[in-house]
């Protein structure tokens, strides 16, 4: 620690102006006995009182938190609910297919599918929206979303927050694709704790490939949804 100079309180330009209090990392030195007298006269009692209060505060027992704080980077509590979503479009027409499966642990709670006009991406986004609407009905507040759509995963994890700030317009001032769907998704997720994972399609790699394969076959097939 470097040296610091202090002048006597109440007499900044008087007889004690040339007296320095030198503080180093290990010692406190007073260079003039006149300064000692001034220190005792002007502030001695106050410093003593403050020292006693600090000492008393240090001796006072501090409250102990009953729940230890989580460390940065510590893994979250496991997600009980999982929402598998998928969308696709087959053939030259403009019909897209969508579907989702909602699971609680190993148990399937609900599945639904349907059709919408638009691209395969429209089907993917619709599947996410319909799944979140079902979660809202069931008052599910915390879930992991698994999708094989890079577009949806990127949007949910990063782009959606930017779109909201920019009024759902791109950097070039154009309207974001599927704006109405994304606006509804943004509103729903405000009251939810969601983790979004991208699962590579048509592969047996990763922890969620079975669920993803199941929703892929369901959304494009003819199996009816179960209540």
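Cβ coordinates come from backbone N, Cα and C, glycine included.
Unlike curated records, TrEMBL annotations are generated automatically.
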- In TrEMBL, of the candidate ranges 18-45, 46-73, the one given as region 'Disordered' runs 46-73
- Which range of 176-201, 202-227 is region 'Disordered', per TrEMBL: 202-227
- Express the predicted model's confidence over the domain 'RNase H type-1' (77-224) as a mean pLDDT, rounded to an integer. 93
